[in-house]
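Look at TrEMBL and you will find Arg13, Lys20 tagged as site 'Transition state stabilizer'. TrEMBL lists Arg152, Lys208 with the feature site 'Positions MEP for the nucleophilic attack'.
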Amino acid sequence: MHLLIPAAGSGKRMGADRNKLLLEVHSKPLIAWTLLAAEAANSISWIGIVSQPSDWEDFKSIIADLKLKKTIEFIAGGSTRQESVYNGLQALPETAKQVLIHDGARCLATPSLFNACSEAVLDCSGLIAAISVKDTIKIVDNNGIITSTPDRQQLWAAQTPQGFDVKLLKQCHAEGVRQGWEVTDDAALFEKCGIEVRIVPGEETNLKITTPQDLAIAEFILSHR
Ligand code: C5P
């Protein structure tokens, strides 16, 4: 299975002066944990890291330290996650029929989650790892007034990996560019194009590291593994 890792973000919400994926958690850069999980997942044979060329030197030295054996390619990132994934898709080898997309910032996903997604994507057009939400979620208008309360049983928190048929994902991204759609995950492009995306059970610990608090939680989880 081919895996694309969007890793071209900044450290803005983290309050960091560099790519948050280079920050240390449990004695390793955050991206190292993501890469170690991908390396340990038997189903993954090729990894494409989509990142800003200014970070490539740092990423390459991290990979050298980890002594990773899988093929790892570097692809230049875009100004949004959506653009970064678009760039990654253009760089996939012709042989890639399905692809997993996994945020570099989700450094706690386990190898077995990668393997489960790799297996399930062979039987469907698209999937995402997701967990059911524990909180009651409110829809709120611009004045801070609640407009509705969706039925919690139908609400799922989207995670990555997300897996897709490559041909369909390329078509959906191209349609997204044509229509000017701005989305925060790839499944949303499938939904807008009317193509089915299924849920596979995600992991409670598969957090997207966004804030300094998330980093502290990741430190705790990694130190208890
Ligand atoms: O910012 P956020 O954590 O939501 O981004 C999700 C993932 O997308 C991160 O792994 C980040 O590095 C990546 N990203 C990207 N290109 C961008 C912005 C974010 O690859 N321009």
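Here the Cβ of each residue, glycine as well, is placed from N, Cα and C on the backbone.
Those TrEMBL annotations? Automatic predictions, nothing curated.
For Arg13 (site 'Transition state stabilizer'), the same-chain residues that are 6 or more apart in sequence and have a Cβ closer than 8 Å to its Cβ are Thr210, Thr211. Take the CB of Lys20 (site 'Transition state stabilizer') and look out to 10 A: across all protein chains shown you find 26 other CB atoms.
Of the recorded residues, Arg152 (site 'Positions MEP for the nucleophilic attack') and Lys208 (site 'Positions MEP for the nucleophilic attack') place their C-alpha atoms 21 Å from one another.
Rounded to the nearest whole angstrom, the C-alpha distance between Lys208 (site 'Positions MEP for the nucleophilic attack') and Lys20 (site 'Transition state stabilizer') is 11. Across the recorded sites listed here (Arg152, Lys208), the residue whose Cβ sits among the most other Cβ atoms within 10 Å is Lys208. DSSP classifies Arg152 (site 'Positions MEP for the nucleophilic attack') as helix under the three-state reduction.
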